[in-house]
Each structure stands twice: as structure tokens, then as C-alpha cells.
Amino acid sequence: MSAEEDLIDYSDEELNTNETAAPAADSNGKKGELAAGGNVDKKGSYVGIHSTGFRDFLLKPELLRAIGDCGFEHPSEVQQTCIPQAMLGGDIICQAKSGLGKTAVFVLTTLQQVEPVAGECSVLVMCHTRELAFQIRNEYNRFSKYMPDIKTGVFFGGTPIQKDAELLKNKETHPHIIVGTPGRLNALVRDKFLRLSSVRIFVLDECDKMLDQIDMRRDVQEIFRATPQQKQVMMFSATLSDEIKPICKKFMQNPTEHYVDEDTKLTLHGLQQYFVALEEKEKNRKLNELLDDLQFNQVIIFVKSTLRATELDKLLRECNFPSIAVHSGVSQEERIRRYKEFKEFNKRICVATDVFGRGIDIERINLAINYDMPADADSYLHRVGRAGRFGTKGLAVSFVTNDQDKEVLTAIEKRFEVPIPEFPKDGIDASTYMAS
């Protein structure tokens, strides 16, 4: 069986309802309805893929697999900016708001570069609180789940130092990556429990919090002196004052500086996302407006059942929107044929159920429309992830018709910590979601 067949050779759990797509309001061809004259083949144009996706960073397969498990498909702005530079081994200063993915920058790039040697620490990460240290260690564990040879340890005050010493004495348990607070790490170095002569990468997270305080800065300096002169140094923070920047640079050699706009918003996979509040009977009118007004390379429209997929696909084609439907209600052979037709860009509109919402890589999809809201946040993640894969820009629009839809929308915003606003009445500038 081919890889394509593997991707779509299973039945989606669909609602066996008798619901069909909402009928067109009338057939007089007015703007806003699924009517003749809306030839989408004249809309938009194919856009090359030039922006960065995680796979384009040439990360180890084990890292890409872990990233996929986490549901991440597109790097945030700070990740697109910093990861390539970090992988080149250069020193980095990065300022970006909390929640924009700074931690993943140094976690992924250090895991990419680490070469584990028993009894040696090659990556040292420092932060100002034990809570943050524990959180960073957990991120390392999450992204190194397919790298069993990599050991990560966390060290902070408030615990018996002898336990840390025992861990570090044993080559079998000695971490290759150490995360900790300056006070405890300096004590371990001072008492010769921790040797840092093999450190290749030195990271300060929330560096301003450590370098602002005289005592903590002194600990950082002592630890820094215990590491080799030739190493990579990376510093990250949500806030960097003009007074702190020169202090940071004293630890570095010709660092590249990355300052992500304060107004940058974290969005799910870097996609723009909106919802449209409307009644069930208004869905076709709004869908027609979107297909007419929005520029796109390819669009995927998600519905909740095979019957609705079939009916909506039929309605679209009757109204001169050439589309195909992919769902479990057609034979495996036919499903593969349709999938290939869409993948090869012979059709630009696809109506699908959740069978097409998982693991399908089609570079040109940059618009996803939830004609029917998904059942939960996980399904939403898989659906809208179809738009803007491979690091391209993308847009996702969800139709919200009832209280259940609103509950799902709220759950999505809470789960992914992403506000999803209402679709603007005056539309969206195509340059914000079409790759240039």
C-alpha cells in the first residue's frame, strides 16, 4: 500500500445523520449565493513555497516526529527568525513576548546539536526560578522523547544538594543537558560536583531577571568562567532594557539580535483564524461570498457527515465552483483518485469530512473553512492545520450557528490560548494570508 493510501485508508467517525447542506436561498444568481458565474478557476494563482516550516530547518527525524506529536506544524515568528541562526552556532540575543515560542528555539536547536558523551554536560541552561527550570526540563523531555540516549537534569535550590552530587558522580546518570538556577549550579561547580569543561552551548532564559540582580549576576559570571571560552551563547527574554543589553553582550561574540514586535500575536500554527456567526440557512450564502471574495491557492471545506459532503459538493459544482468530495462514503480506489486529483492541483476546492483532517500534506492549501464546526479542539487542530502547511501563510474560517458551536470555539481558544475574532465585515487583505 502506498503512503497516500496509508493516509486515507480508514473510516472517519462521522455522524450518520440525514442532514444535507443548507439549500440555496434561490437560484437567481445574485451575489452572495451559490450561483453560476462564480468560477473559482479564475481566482488567485499558485504561489511558491518560500517561507519556513519545521521540516525546512533540517532537524533530526526524531525531533520532527516529536514536534508532530505536539501538533505543531508551523514555526512562530520568533522560531522562524532564530532557529536558523541558532543552528549555525552563532551567539543570539532574542526578545519576544511570553508565549511566542522562545523556549522551543533553544530546546530544539540544542537537541539538534548535542552529541551525548557519558559523564559530560554539553548544554547548560539557566533561568531565575525553580518553576521555570522545571518547565524547561519538561520541554526537553517532550521534544527528546525519541532520543533515548539524551539525558536531561534539573537542579535548583530548596532540595538536598547531596542528591544532586550523587546524580552527577555517576556517569550513567550524569545529564548531557543541565537546566538550573544560578545559585544551585554555582554551588555545584564550587564544590566540584559539576564540571563544565565540555559545555558547548550556554543559554540564559529570562536573562534580564538574572543579570539585573547583582547576586544572581555574580553567580552567572562564576558559572560562565567555568565553561570553555569557545562556545555558543544564547540569551532570551520577554523584556530587555537598554541598560541590560550591553551586559548581555559582554558574554557574547558578535551576537545576532532578534526583536520580535511587541504586537505580534501567537496564533495556532501561524494561521489567521476567524469565525462567522450565522444561521444554518445562511451558510451557503456566506460560503459563496468567501469563495468569491478571498484569494486562495486551494481550499478545503469541512463538513460533519458524508451526506453533507456529497450534497455540498454537488451544489458547488452546479453553481460553477468545480470541487471534489473526499470522505469514507466513496470506495477506497475512488477516494485515492480524488485525493491525487486535488493534490496535483487539478481541482482547487475540496469538500471533506474529518477523514481528510489528519496527516494530509498538500502544499497549496492555504484556506480552510469549517462549514460545520468540529466536535472538539483536537479535531479543529487537525482540520485547520491543512491550511498553510510547509510554513506557508494560511487562513481558517469557522461557521458558528448554535450554542454547541460556541462552546467548541471557546474550548479551542482556551486549549490553544489563541483568541479567534469574528470575521471582519470589510474582509481581509489578501497579502496577510497569501505568501509573497
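Note: Cβ is positioned from N, Cα and C throughout, glycine not excepted.
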For the record in Swiss-Prot, which of the ranges 149-152, 205-208, 341-344 is the motif 'DEAD box' one? 205-208
Given 52-80, 168-196, 226-254, which one carries Swiss-Prot's motif 'Q motif' label? 52-80
Out of these binding-site residues, L100, K102, which one has the fewest other C-beta atoms within 10 Å of its own C-beta? L100
Which one of the binding-site residues (A96, G101, T103) has its C-beta surrounded by the most other C-beta atoms within 10 angstroms? A96
Just to be sure I understand, if DSSP states are collapsed into helix, strand and coil, how many residues of the motif 'Q motif' (52-80) fall in each? 17 helix, 0 strand, 12 coil
Taking DSSP as the reference, which of helix, strand or coil describes A96 (ATP binding site)? coil
